Amino acid sequence: MTTQVPPSALLPLNPEQLARLQAATTDLTPTQLAWVSGYFWGVLNQQPAALAATPAPAAEMPGITIISASQTGNARRVAEALRDDLLTAKLNVKLVNAGDYKFKQIASEKLLIVVTSTQGEGEPPEEAVALHKFLFSKKAPKLENIAFAVFSLGDSSYEFFCQSGKDFDSKLAELGGERLLDRVDADVEYQTAASEWRARVVDALKSRAPVAAPSQSVATGAVNEIHTSPYSKDAPLVASLSVNQKITGRNSEKDVRHIEIDLGDSDLRYQPGDALGVWYQNDPALVTELVELLWLKGDEPVTVEGKTLPLNEALQWHFELTVNTANIVENYATLTRSETLLPLVGEKAKLQHYAATTPIVDMVRFSPAQLDAEALINLLRPLTPRLYSIASSQAEVENEVHVTVGVVRYDVEGRTRAGGASSFLADRVEEEGEVRVFIEHNDNFRLPANPETPVIMIGPGTGIAPFRAFMQQRAADEAPGKNWLFFGNPHFTEDFLYQVEWQRYVKEGVLTRIDLAWSRDQKEKVYVQDKLREQGAELWRWINDGAHIYVCGDANRMAKDVEQALLEVIAEFGGMDTEAADEFLSELRVERRYQRDVY
């Protein structure tokens, strides 16, 4: 929109300030501009002169601190909703991302709420690793003056369900904190549990926290609203797929696709480091197979979110069919009295193993039963979008977004099975076909603000994706900082993703160094962590020169092996013992010089 600027003589801003203000508000809608106006009014009224007129100084108010520790955005959304609820109740509240929280100040907190997800094998989200480490260290203070509550989000298909929340809850209590409420562990379908928990938190805090003055509520409540867009997880953009290109060789064991999606004139914005959320539909053939195995027709009416739909449509659009869980196996066994599955009930490890190796449709195939349509629906979990690290920068591709998709395919007793979202993009969306997408912002995986800062990128396999975006951005910015890429995959000839682009960046001098690890091209397997150790001396020089280190890819094995290699390099070339090296790497993480996007 165009904003009419008053004559310069009437402005209290100098030309430079005016230019910065105009640049910051160019893309805002009228609603957003109105919000900004209210925000600055709140800031103005937060000045000492204004505060003098309030009933009590803010310093005397035991404010509420909400710490949001999010990996995919769900925890952040719950935390923001709670913040809004508390502001509506006129309570003094501050919301802070775990990565921005100065954790040494935790001893001075009075009322603390933690909303956290879990990643990998029970680890906290990336932005909360430093806080988690601090609380579990010898440096953790006594917290006898804190009252706290924890809301934990997880996925029951994983063994360490909600482990991060369990960790925070038990440690805060161990350090002397008082539980406001018992911890809540929420599964993938977390919305109802979150809504009920938020109401209980507000009720519990009303009796403990004084009411805030309106001006204070405006200022403290709005600080963390950074990203605004008409499109979201719940209201995705209907975009179109323009390119679906296989970028692994004919003889590769992997099927990796370069996907380009046209955003049209939506003005949907993203930054390198963000993720693309993709809502997919299940394979109609898979739906038909499952329905027929249960002796159903597919046209039976079922209720989904208050709407009546045919069973086939509900299964294709609304329910998760490609990821089994221990809960589903246990419930199916109990419901059908399956002689094969009933012995697994109550055996957590066996249930987890069965769910991990047996898709839902094959569970039904191996243990057939007859269910009615509603019983089937009640057994399943809601379909959730998949997130892919964005592999492009809008500085180069403008109204497009690119992702790098490893297509999941495997056999179960002679039948080919595939991942829900990856096979949707690779096999079922035709050129110019519709794809529902949204941006999941990730401020914990960002290029350095200073373009002169060196960058070290470690991304084997499809973990290369965000570094393609990084390089496009650095090239467009003509950033003078050095760039070093570590990439690995099984074979040079079949699996060198975006090979021509990396070679061009090297030739142009944009990519300063590239180290490649091909795990199957020689007798002894070589991985990126081996290359890190091999280049330890030079790596330490880059770190000493202020380099930022980025890691993307598998959380369970690769990321841990890479971190161990980094610790060894720091210890050897930095002349540190193991404990000092660990402290050094933790400090890099706090300084945002060590960032990971792992999954």
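Backbone N, Cα and C atoms are what each Cβ position is placed from, and that goes for glycine too.
Of the residues Asp495, Asp545, Asp554, Asp561, Swiss-Prot places Asp561 in the same NADP(+) site as Ser519, Arg520, Lys525, Val526, Tyr527, Val528, Gln529. Using DSSP to sort the residues of the domain 'Flavodoxin-like' (64-202) gives these counts of helix, strand and coil: 58 helix, 32 strand, 49 coil. Neighbour counts of Cβ atoms within 10 Å were taken for the binding-site residues Thr404, Ser519; the minimum is at Ser519. The Cβ neighbour count for Asp155 (FMN binding site), using a 10 Å radius over every protein chain in view, is 19.
The DSSP secondary structure for Val528 (NADP(+) binding site) is helix.
Whole-number maximum of the Cα to Cα distances across the NADP(+)-binding residues Ser519, Arg520, Lys525, Val526, Tyr527, Val528, Gln529, Asp561: 18 angstrom. Inclusion criterion for the binding-site residues Asp155, Tyr388, Ala421: a C-alpha placed within 10 angstroms of the C-alpha of Gln529 (NADP(+) binding site); this criterion is met by none of them. The Cβ neighbour count for Arg520 (NADP(+) binding site), using a 10 Å radius and every protein chain shown, is 14. Reduced to three states, the DSSP call for Arg386 (FAD binding site) is strand.
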